[in-house]
Structure formats: C-alpha cells, structure tokens
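These come from Swiss-Prot:
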{"type": "SIGNAL", "residues": "1-28", "note": "signal peptide"}
{"type": "DOMAIN", "residues": "37-124", "note": "domain 'Ig-like C2-type 1'"}
{"type": "CARBOHYD", "residues": "N42", "note": "N-linked glycosylation site"}
{"type": "DISULFID", "residues": "C55-C113", "note": "disulfide bond"}
{"type": "CARBOHYD", "residues": "N68", "note": "N-linked glycosylation site"}
{"type": "DOMAIN", "residues": "134-216", "note": "domain 'Ig-like C2-type 2'"}
{"type": "CARBOHYD", "residues": "N150", "note": "N-linked glycosylation site"}
{"type": "DISULFID", "residues": "C155-C199", "note": "disulfide bond"}
{"type": "DOMAIN", "residues": "220-314", "note": "domain 'Ig-like C2-type 3'"}
{"type": "DISULFID", "residues": "C241-C293", "note": "disulfide bond"}
{"type": "CARBOHYD", "residues": "N282", "note": "N-linked glycosylation site"}
{"type": "CARBOHYD", "residues": "N290", "note": "N-linked glycosylation site"}
{"type": "CARBOHYD", "residues": "N303", "note": "N-linked glycosylation site"}
{"type": "LIPID", "residues": "S330", "note": "GPI-anchor amidated serine"}
Amino acid sequence: MAQAKMQHPVSWVIFAGMAALLLFQGVPVRSGDATFPKAMDNVTVRQGESATLRCSVDNRVTRVAWLNRSSILYAGNDKWCLDPRVVLLANTKTQYSIQIHDVDVYDEGPYTCSVQTDNHPKTSRVHLIVQVSPKITETSSDISINEGGNVSLTCIATGRPDPTITWRHISPKAVGFISEDEYLEITGITREQSGEYECSASNDVAAPVVQRVKVTVNYPPYISDAKSTGVPVGQKGILMCEASAVPSADFQWYKDDKRLAEGQKGLKVENKAFFSRLTFFNVSEQDYGNYTCVASNQLGNTNASMILYEETTTALTPWKGPGAVHDGNSGAWRRGSCAWLLALPLAQLARQF
C-alpha cells in the first residue's frame, strides 16, 4: 500500500521507525504475555468484503500503530498510507482498529499492531487471509471423435483455497463422478459415452461453477428394425427401415438390385434422421418381392432385406343358425327376428296364472 507524504511529529516518526525495525527483525510478543495487549487471531474474509483488524490496548499504551509488512498504515489517528480503502475504525483506551474495504488478493499477508508502553515498543501480528470464489479459466472445446478413439478433456480453475475439480457424464445411466482431477481421460470411447461432460469447480467460498463440454462419438450405421410386411392387392403398403448412426445415415432402397428413386410412380421414399419409409399407394402384383434397405455414412454402410408379400383376406361364413332368414331375391342369409320364438312359451306361462 502506498505511503502518504505528510508531516508527522518527530516522536511518531521515531516510534514508527522503531516499530518497523522490530517488525523487520521479527520481534514477536509471546502469546502468554498477559502484560501486553494482543491483536486478534487470523482474519479470513472473501474477496470484495471488508476486513476489520482489531488490537486490544489498555491505559499503559502511549502510542499505537498498524503496519502492513514494513509499511505504516495508521499511527494513532494519523493515516500514513494513500489507499482510500483503509480507514481508522476505533482509537480508544481499549481498542485500536482499522478496516480495509473491498479486500483483494494482494491485501493478503501479515499485519502488525505495534504499541509503545514503558518506553519499549512491542508488536503483535495478525495474518489476513483472502478467500476467492472459484473461477474456471480454461476448458476443452466441444469434440467430435470416432468410436474407439481416446479423449482427453481439460478443466483449469482458480480460487483461494484451490478449488476441487470434478467431472461427471450428464447421462441417465451415469452414476456419481467419473473423475476428480483437472483432466479426464477416456480410452477407447464408445457410443454410449457420447453426450455432455460437466466440469465443476468448488472451494466452499461460493457456489460451485460449472462448464460443459459436448463429446460427439461417430460410428457407422446399425439397422435396428426392418420387417417384412403383408399387404392385399390394391391396398396401401409401407416398408420401414430404422438405423442408428452418427453422423445420420443416408438411406437407399433397392428391389432386385434396382435402385428405387424418389418420385417413381406409385412410390414414395421418405428419409429422416433415423429411419426411412417406403410407401406403396396402390399395391399391385408387380410390387411383391424382396426389397433391400441400405444405410450409409462416412464411416461405413450396412443393409437389411425384407419382403413385401401378398396378404389374402378371409371371407366371413354366412350366418345359418337359429333365426337365420334366406333372402329369395339375393340368395343371401341374414339373421331374422326371434320374437315369434318367444311368443308361444310366454303365452303358455300366462295361462297358468
């Protein structure tokens, strides 16, 4: 801290010089010395807060000062430093205190309360500890890698005390932390390990800070669903082909080694990220047969075969049970009314009563 250039009484200058000399020579006051007033223990504050340094005195003290290392901050009521953040808080018969506002890391270190009593200057020291919230200063960029490759992720953070860094995989299947280090190494990465990885830095000074890195794992297509389908002639038919791949697969359809093009009469090919749909609007005899779905990306290709076959409808057998009525005009049988069958037994029951 800068020193103020001002005139001070000679006695103060001599006292301050002796205090600085004692400080430089490392002359401490014993903790068990009950005859000498003591400064407080270590003071811990967070960056940006105010630190109060207190020194207990009594009526035997004739002069008192606060020093930071070899720089005099206050001597009595006189301010010796130019730092506007340092103010005198109390100068009484029992206490001599200063306060430092908006504390920063460079304020950390030893502070000394120096007193003059019985013509002998003595000192008592307090250490100011400045805590700093964690801050992530460097992380890996999002990465894209082929399945089976090795991945190294970095997360560098600062803070006081030094923050603890942890890595975890943001995935429903992930359990707990996968690393408690600045570096996360993944050997032979699989497609299940793709997704976001979160770096967290914490030191209990403030809430943890987090940053995420996206890891994309590329792999060749894998067809997960391709089923044969039966459709009657003249009906609408659909063949589906589902495939997983990163990057997304391109789909192609073939019938008997002949590629089917989009817009071909009576057909529609609809390709999405993870599936392809081949639609027949009016199935004919010529449409039946073997079809092949081919899924491909930069890493490879795969195919699956399926059959579009004719599905025949089974005619319902005409009803010829009790109450069936034959239509003489059409020759068809239909279910007739059964009311006349119930009339006779009901009439017989009525006569008995």
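Backbone N, Cα and C atoms are what each Cβ position is placed from, and that goes for glycine too.
This view paints the features noted in Swiss-Prot onto the structure.
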residue: N42; record: N-linked glycosylation site; contacts (Cβ under 8 Å, 6+ apart): V126, H127, L128, I129
residue: N150; record: N-linked glycosylation site; contacts (Cβ under 8 Å, 6+ apart): E185, I186, T187, G188, I189
residue: C155; record: disulfide bond; contacts (Cβ under 8 Å, 6+ apart): I136, E138, T139, S140, I165, W167, E182, Y183, L184, C199, A201, Q211
residue: C241; record: disulfide bond; contacts (Cβ under 8 Å, 6+ apart): I223, D225, A226, F251, W253, F275, S276, R277, L278, C293, A295, A304, M306
residue: N290; record: N-linked glycosylation site; contacts (Cβ under 8 Å, 6+ apart): K255, D256, S305, M306, I307
residue: N303; record: N-linked glycosylation site; contacts (Cβ under 8 Å, 6+ apart): I223, T292, C293, V294, A295
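Taking the C-alpha atom of N68 (N-linked glycosylation site) as reference, the shortest distance to any of the recorded positions C55, C113, N282 belongs to C113.
For the domain 'Ig-like C2-type 1' (37-124), the model's average pLDDT works out to 91. A 10 Å cutoff on Cβ-Cβ distances gives N282 (N-linked glycosylation site) a total of 11 other Cβ atoms nearby, all chains included. Between N282 (N-linked glycosylation site) and C55 (disulfide bond), the C-alpha separation comes to 97 Å. Within 10 Å of the C-beta of C293 (disulfide bond) we count 24 further C-beta atoms, all protein chains included. Counting residues of the domain 'Ig-like C2-type 1' (37-124) by DSSP class, helix then strand then coil, yields 3 helix, 53 strand, 32 coil.
According to its DSSP assignment, N303 (N-linked glycosylation site) is in a strand.
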